[in-house]
């Protein structure tokens, strides 16, 4: 067991111990209340005998016990979630405070001639020290951004004879296909080794395109493969800062860079997305890299060792998260990953609520389906330690992909609203107040610049939990929609960094059902009803303020009232 892995395990045990101690101190482990629910209450034959008395009897004998069991299940999952979040946050803060950068944990040396002098990169003697690298750019009708990604890849600092830029064009629009091909020819005329590759059909979507791209003869000559989606723009020194990790560490398969965004201040929607993704990169990716050298490949802005891709079985299209699939399979073969947060690649966030929901559904559904497919493979793997297996199954898959959306939606959007109408249900304050507060603090502590929008982020995430839970269920049960792939639309060159307005792609005229998000509107009605009931018959609980706010969030998103306005935050 490596020192980082052992330290990570010890810290996780301490986090669990702290959570258990807090639970004991607040009475969290007292489940005796569940046994008392249903033991008291009016009899159906009591005086009055009306339907209200009958409902009260059924409620106390059947409904309340079932809900109480669901409450305690959610409490257990809440503890799992807060321990996981606190652990990752502690690791990421520790890494930052100790200055434990990847260059200290892995060997890294600058390449010959890497001093910013373009002429030295073209020198034959210096170029001999550089390995062959291929940059893959998969595309699918990317009219708005194809020039950005191709141009950024062709301007990477690397010896010309050691760099191949492969554009994998799956476009179905002939005019777009022709434009992409001409752009490749334009860069080729400037001396860049650009390969324009197409295929018949687009089976397997992105995974199918990447797999086909690896089969070309020139691709087999390349030691390392850099991947960029169509809207990603690496800095010219990207390869110079990432490839040395692979060259000097034979057990490293992947170097992942961080995403930054050209439109993160364009609207409230993009600002909230940035908060979510900053937490992912600063906390989850950093913690996984520092302790277990395992995290999910983000599908772009990374460099792979071709040998590791082949060793893991290559690209597969069995889920909509082909990047995570490859990462897990490579880890089970004993390969390690490096996350380099100082290397940043510009990209674009979805500018509409509809596009963001589709993206999140694809990610959540695919990861849950991969959990179903790979649990046994992880358990029987022989080249990883039992501790890493536990981390992958429990932390990476179960807590983040299943528990998180379940608690966020079931507890806060169903159980708490219904509890105002069922007074027999007991909701411990530590579960409905302390844990959410702790999770908010853990998220905000690594995103201090976004602290002022945290209330809006919480309400928005409450709505998104509905979509993520639906996606997770579809992935786990392999429902008909579990393998759908819809490419996220981009605005590309229309995004001006000095202009806060987000121009939308031209839309076709839609009917009422397509202009309004019916599930969100329906759920807002449910929450408003529960809030109003709690306001009039508040009893021992007063959740109506929170319920009204969450209902308003569902209602506004149901009307698509977000994503196009200038962000004043």
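Cβ atoms are placed via backbone N, Cα and C, with glycine included.
The stretch that TrEMBL tags with transmembrane segment, taken from the ranges 391-415, 466-490, 491-515, is 391-415.
For the ranges 69-98, 99-128, the feature annotated in TrEMBL as transmembrane segment maps to 69-98. As stated in TrEMBL, the feature transmembrane segment covers range 427-445 out of the listed 370-388, 427-445. Between the transmembrane segment (427-445) and the listed ranges 69-98, 391-415, 516-535, the one holding the most Cβ pairs under 8 Å is 69-98.
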